[in-house]
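Enquirer: Pulled these features from Swiss-Prot for this protein:
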| type | residues | note |
| --- | --- | --- |
| COILED | 140-164 | coiled coil |
| MOD_RES | ALA63 | N-acetylalanine |
| TOPO_DOM | 63-93 | topological domain 'Stromal' |
| TOPO_DOM | 138-164 | topological domain 'Stromal' |
| TRANSIT | 1-62 | transit peptide |
| TRANSMEM | 94-114 | transmembrane segment |
| TRANSMEM | 117-137 | transmembrane segment |
Amino acid sequence: MAISVAASSSMAVMVPRVPAVSTRCSAVPYLPPRSFGRSSFTVPLKLVSGNGLQKVELLKTRASSEETSSIDTNELITDLKEKWDGLENKSTVLIYGGGAIVAVWLSSIVVGAINSVPLLPKVMELVGLGYTGWFVYRYLLFKSSRKELAEDIESLKKKIAGSE
């Protein structure tokens, strides 16, 4: 008898109480069923309050009947083929491309090794933060230094393009 009284009293404690009147509101979005024939799509939002449910139109999008693509894949492939056929030293391009892939692979190995050392990643973060602060102070903080940076970038562009 004592066990049943203890069990019933513990069950009474474990059952949560729900207030009879809820005064809070919550927004619960739901997904409507898919309709393929519609030209517009509205996402309704149900607001739950003590008085009842209210529907609010949140977002309305319209589907376009024409399909436009900013990049045509056939045009891109033909353009790449024309540029590849126009190259004289194809082996040089392949060597540089392979070298770039190997360089990225090796740099990822080095970064992984640095991250495995316990204190070194934090030191590298501090070095990067210090360099960023120096760069902002040296080139971005004052108007004259921003002009100097723009001139340096333009001269570098000319050197790379071969017009200087």
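The backbone N, Cα and C atoms fix where each Cβ goes, and this holds for glycine too.
Please go over these features one by one and say how buried each is and what sits next to it.
Expert: Taken together, the residues in the topological domain 'Stromal' (138-164) have a mean pLDDT of 91 on the 0 to 100 scale.
If you look at the transmembrane segment (94-114), the same-chain residues 6 or more away from its ends with a CB under 8 A from one of its CBs are 120-121, 124.
Non-local neighbours of the transmembrane segment (117-137) in the same chain are absent; no residue 6+ outside the stretch has a CB under 8 Å from one of its CB atoms.
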